[in-house]
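*Asks:* The annotation transmembrane segment is assigned in Swiss-Prot to 15-35, 50-70, 81-101, 103-123, 136-156, 170-190, 209-229, 246-266, 275-295, 299-319, 333-353, 364-384 on the grounds of sequence analysis.
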Amino acid sequence: MTTNTVSRKVAWLRVVTLAVAAFIFNTTEFVPVGLLSDIAHSFHMQTAQVGIMLTIYAWVVALMSLPFMLMTSQVERRKLLICLFVVFIASHVLSFLSWSFTVLVISRIGVAFAHAIFWSITASLAIRMAPAGKRAQALSLIATGTALAMVLGLPLGRIVGQYFGWRMTFFAIGIGALITLLCLIKLLPLLPSEHSGSLKSLPLLFRRPALMSIYLLTVVVVTAHYTAYSYIEPFVQNIAGFSANFATALLLLLGGAGIIGSVIFGKLGNQYASALVSTAIALLLVCLALLLPAANSEIHLGMLSIFWGIAMMIIGLGMQVKVLALAPDATDVAMALFSGIFNIGIGAGALVGNQVSLHWSMSMIGYVGAVPAFAALIWSIIIFRRWPVTLEEQTQ
C-alpha cells in the first residue's frame with residue numbers, strides 16, 4: 001500500500017508512529033549518559049568503568065547493523081518491526097532485573113541487536129510512507145523524535161533514576177515500547193521490502209568516493225562529540241561542581257536546542273546542507289574547546305549547551321540526507337552502514353572519554369574531543385567543495 005491509496009492524515013499518522021519509535025530507541029541509547037553515576041554506585045564501581053557500557057552498546061550496533069540488515073532484507077517490514085520490538089522489550093525487562101553489571105551489559109547487547117535493525121530501515125520507511133512531496137519533512141519528523149529523546153527522554157529517564165532508581169528508568173522505557181508496538185500493529189500496513197539492496201550493493205557503494213567520504217566524516221565528528229558528551233553528567237557534578245539537578249537541566253537544554261537545529265535544517269537543508277553541516281562542525285569545535293573554561297559558570301555552560309545541541313542535530317540530519325541522496329538504489333544497505341559507522345564513532349568517543357577520565361583527567365574531555373572536531377571541519381570543507389549534494393540529487 002502506498003500513500004496514494006491512503007489519506008494524507010493516515011500517512012502522517014504512520015510517520016508519527018515511526019517518530020515515536022525513534023524517540024523510544026534514542027531514549028534508551030542516550031539515557032545511560034544521565035545514569036552513569038547511579039549505576040556505578042549500585043554496582044560499587046567507578047563512573048568511568050561503567051561508561052564502557054556505552055562503547056559496548058555502540059560497537060555491537062556497529063558490528064551487527066549490516067549483517068542483520070542483509071539477513072532480514074527480504075522480510076516484510078511490518079513483521080520485522082514487530083519482532084525487533086519484542087526483543088527490545090524483553091531486553092529492557094532483563095535490564096530492570098539485572099543482578100550484576102555483567103547481566104546489565106548482556107541486556108544492553110539485546111537492545112543493541114534491535115537497534116541495529118531499526119535504524120537501518122527507519123529512514124527509508126519514513127520516506128516511503130510520507131505524503132507525496134514530503135520526504136524532507138518526514139525525515140525531519142523522525143529527527144524530531146531523536147531530538148525529543150534528548151529533550152524529554154534523557155532528562156525524564158534521569159529524573160526517574162534519581163527518585164525511583166535507574167532500574168525503573170529501563171522498565172519505563174520497556175512499557176513505552178510495548179505501547180508503541182501496539183500502535184505499530186494497528187496502524188502499519190504490510191510493507192514488502194523495497195530497495196533494501198544486498199551484498200551485491202556493497203562493491204557499488206564502496207566505489208562511490210563521495211559516500212565513503214561522508215562515512216569517514218561521520219565517524220570522526222561523532223567521535224569528537226561523544227568524547228565529551230558521554231561524560232557530561234559526571235563532568236558537570238565532579239569537575240564544574242554543580243548539582244545533580246543542574247546536570248539534569250543542562251541535558252534538557254542541550255536536547256531542546258536539538259529541536260531548534262531540526263527546524264533550521266528542515267527549512268534550509270535541501271538547498272544548503274553542505275554549508276549548514278560545515279558551520280555546525282565549526283560550532284561543535286568551539287563548544288568542545290570552551291567546555292572547561294565555561295565550567296566556572298552555570299550561565300556559560302547553559303549557553304554552550306544550546307549551541308552544542310543545535311550543532312549536533314544539524315550534523316546528524318545533514319549526514320543522513322547526504323547518505324540517502326548518494327545511495328537511492330540501496331537505501332537500507334547505505335543506512336545500515338551509516339548506522340554502524342555512526343555507532344563506531346559513539347563507541348570510540350565513549351572509549352576515548354573513558355580513557356581520558358581514568359588515566360588523565362575528566363576535565364580534559366572537551367579539549368581532547370576538539371582534536372577530531374578540527375579534523376572533521378577541515379575534511380568537511382574539502383569534500384563538500386568536491387561533491388556538493390542536495391536531497392533531490394541522486395548522485396552516484
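Just so you know, glycine gets a Cβ as well, placed from its N, Cα and C.
Could you place the listed features in the three-dimensional structure?
*Replies:* Outside the transmembrane segment (81-101) by six or more residues, the chain places 21, 24-25, 28, 39, 43, 45, 50, 53, 107-111, 113-115, 117-118, 121, 167-168, 170-171, 173-174, 177-178, 180-181, 184-185, 188 with a CB less than 8 A from a CB of the stretch.
Outside the transmembrane segment (103-123), and at least 6 residues removed from its termini, the chain residues within Cβ reach (under 8 Å) are 18, 21-22, 25, 28-29, 32, 39, 43, 53, 56-58, 60-61, 64-66, 68-69, 72, 77, 80-81, 84-85, 87-88, 90-92, 94-95, 97, 139, 142, 170, 196, 320, 324, 331-332, 335-336, 339-340.
Counting same-chain residues at least six beyond the ends of the transmembrane segment (246-266), those with a Cβ under 8 angstroms from any Cβ of the stretch are 33-34, 136-137, 140, 143-144, 146-152, 154-155, 158-159, 162, 232-233, 236-237, 273, 276, 280, 298, 301-302, 305-314, 317-318.
Among residues of the same chain six or more beyond the transmembrane segment (299-319), those with a C-beta under 8 A of the stretch's C-beta atoms are 139-140, 143, 146-147, 150, 214, 217-218, 221, 225, 236, 240, 242, 249-250, 253-262, 264-265, 269, 273-274, 276-277, 279-281, 283-284, 286-287, 290-291, 293, 338, 342.
Sequence-distant contacts of the transmembrane segment (333-353) (same chain, at least 6 residues past either end, Cβ-Cβ under 8 Å): 51-52, 54-59, 61-66, 68-70, 116, 119-124, 196-198, 201-202, 205, 211, 215, 218-231, 319-320, 323-324, 326-327, 365, 368-369.
Below 8 angstroms of C-beta separation, residues 210, 213-214, 216-217, 220-221, 223-228, 231, 235, 274-275, 277-278, 281-282, 284-285, 287-292, 349, 352-353, 356-357 of the same chain, each at least six residues beyond the ends of the transmembrane segment (364-384), sit close to that stretch.
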*Asks:* Please work out which recorded stretch in 15-35, 136-156, 209-229, 275-295 has the most C-beta pairs separated by under 8 angstroms from the transmembrane segment (170-190)?
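*Replies:* Result: 15-35.
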*Asks:* So which residues does the transmembrane segment (15-35) touch in its own chain, when a touch means Cβ under 8 Å and the partner is 6 or more beyond its ends?
*Replies:* 53-54, 57, 81, 85, 88, 92, 108, 111, 114-115, 118-119, 122, 125-126, 129-130, 138, 141-142, 144-146, 148-150, 152-155, 157-158, 161, 166, 169-170, 173, 176-177, 180, 183-184, 187-188, 229-230, 232-233, 247-248, 251
